[in-house]
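**Q** Shown below is the structure under consideration.
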């Protein structure tokens, strides 16, 4: 199901110094602004992580509403606080009314791959604590089959190489014959906000996302994965013609 948000066509987005930015950034901005318009006074709002979520956080802060926010990463918490948003920890507030977050891929039924920014565990915790979840993305993130974007898999650091071998077995059960690669940052294994590591699996095509999600969560040492299934209630997709609304 799809629709359009009238009046959300993005003009030329501007960079930090006022220079124009890419069409993709304009689409991300349009989606972020449309999502910010969904927020009302008194809400508890989940703040996503990533380049599209940044536009949402900035647009939300500009509205100067009386709201409380729960961030899905430390960098989002820092940005929100810098912009004047009230930031609380998960569990310190009532149930989250609305979470808005980006995605690396948006597939059929609003199945998602998330975690390219390394915040997948906190993102999923916040999403699952929310009454409503809206994903925002530019048009290039829409896909017919998940898997072109490498699937992030978060693991505990202890014994992670052994865990990776068991992940390979789980992937093989789903006819995905790839070896995940340990994510690096500045030449060192990248650590998540929770101190864990991330392996990225270049699956190519994930024909049965639910089966893969179950297989991965069955591996001891896997904390979580970037498959977000049956969690998104709506998607706002920025396009050259404005914002398109998608529902499962």
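Glycine too: its Cβ is placed from the backbone N, Cα and C atoms.
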**Q** With 49, 50, 51, 52, 101, 102, 103, 104, 114, 115, 116, 117 listed by TrEMBL as substrate-binding, which of these, 141, 148, 161, is given for the same site?
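**A** Between 141, 148, 161, TrEMBL records just one in the substrate site with 49, 50, 51, 52, 101, 102, 103, 104, 114, 115, 116, 117, namely 141.
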**Q** List nothing but the largest Cα to Cα distance in Å, as a whole number, among the residues 49, 50, 51, 52, 101, 102, 103, 104, 114, 115, 116, 117, 141 that the record says bind substrate.
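**A** Of all Cα pairs among the recorded substrate binders, the widest measures 15 Å.
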**Q** Does residue 141 (substrate binding site) have same-chain partners at least 6 apart in sequence with Cβ under 8 Å from its own Cβ, and which are they?
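**A** Once residues fewer than 6 apart are set aside, residue 141 (substrate binding site) is near 103, 104, 105, 106, 237.
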**Q** Pop the Cα-Cα gap between residue 123 (active site, proton acceptor) and residue 101 (substrate binding site) into the table, whole Å please.
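**A** Approximately 8 Å lies between the Cα of residue 101 (substrate binding site) and that of residue 123 (active site, proton acceptor).
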